[in-house]
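Single-structure report; data block below.
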Amino acid sequence: MDRWLRAAKPWASLLLAAPAAWLWGLALADRLGANPAEALIRGLGLWALRLLWLTLLVTPLRQLTGWPALAGWRRGLGLWAFGYALLHLLAYAWLDQGGDLAAIARDVAQRPFILVGAVAVLLLVPLAATSFDAAIRWLGARRWRALHRLVYAVALLVLLHWFWMRSGKRLWGEVAVYGALLALLLGWRLRAAVSRARARAPAATGRPPFRARG
């Protein structure tokens, strides 16, 4: 399976470009409904969210399956999530607001969830910029890991952005599904952190771990 996962990575990158190409193609062909700009913006945003959640799923799946090659997918998925998020933001600024900063400021004042989404995209910038091996050597593994834990804060902001956007029409079903999945992922992360802390505690004190006698 590891060999297959490594071989499939380049093809996966091509596949992940397909949704953006499809959406842009539909937009150019005027086949995205009555408001093609809005449909394109929301489509790009939804794919950014899906890819971000897939990025967060990689580590639990690797630990559950024992397939080390899955770790190599996390970086690619994260970069694609950033790419879709950036396209989502740029499409909003250009197609919806015509690149008018004053219009964007007025819209943000009326719909603050846009600011929440923009902050999430901006927080992804340092993660994308340091997603390469050279950045790990430059920052040091410990600081690099601490920086990349920001991805969980980004996920919470994305969920808030989406929930806030949907709240006007009370369309919360899909948001609830992604929220439940994020809660499970955060729970998994917390459980793993607690397990590591307990494993380090005996080493720090110089005492062997306690074992009950039978």
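Along the chain as shown, residues are numbered 1 onward.
Backbone N, Cα and C define each Cβ position, glycine as well.
Since this is a predicted model, take the numbers as computed values, not measurements.
For 39-57 (among others), the entry in TrEMBL reads transmembrane segment.
According to TrEMBL, the domain 'Ferric oxidoreductase' annotation covers 44-158.
Taken from TrEMBL, the feature transmembrane segment covers 77-95 (among others).
The annotation transmembrane segment is assigned in TrEMBL to 115-135 (among others).
Counting residues 6+ beyond its ends, the transmembrane segment (147-165) has Cβ neighbours under 8 Å at 45, 48-49, 52-53, 55-56, 78, 111-114, 116-117, 119-120, 123-124, 126-127, 130, 139, 172, 175, 178-179, 182, 185-186, 189 in the same chain. The feature transmembrane segment is assigned by TrEMBL to 147-165 (among others).
The transmembrane segment annotation in TrEMBL covers 171-190 (among others). Remote same-chain residues near the transmembrane segment (171-190) are listed as 49, 53, 56-57, 60, 152, 155-156, 159, 162-163 (criterion: CB distance under 8 Å, separation of at least six residues from the stretch ends).
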Other same-chain positions with a Cβ less than 8 Å from the transmembrane segment (39-57) and lying at least 6 residues past its termini are 16, 19-20, 23-24, 26-27, 32-33, 74, 77-78, 80-82, 84-85, 87-88, 91-92, 95-96, 117, 151-152, 154-155, 158, 162, 178, 181-182, 185
Where else in the chain does the transmembrane segment (115-135) make close Cβ contacts, counting only residues six or more beyond its ends and a cut-off under 8 Å?
45, 75, 78-79, 81-82, 85-86, 88-89, 108, 144, 147-148, 150-151, 153-154, 157-158, 160-161, 164
Over the domain 'Ferric oxidoreductase' (44-158) the mean pLDDT stands at 92
On the DSSP side of things, how many residues of the domain 'Ferric oxidoreductase' (44-158) fall into helix, strand and coil, could you say?
102 helix, 0 strand, 13 coil
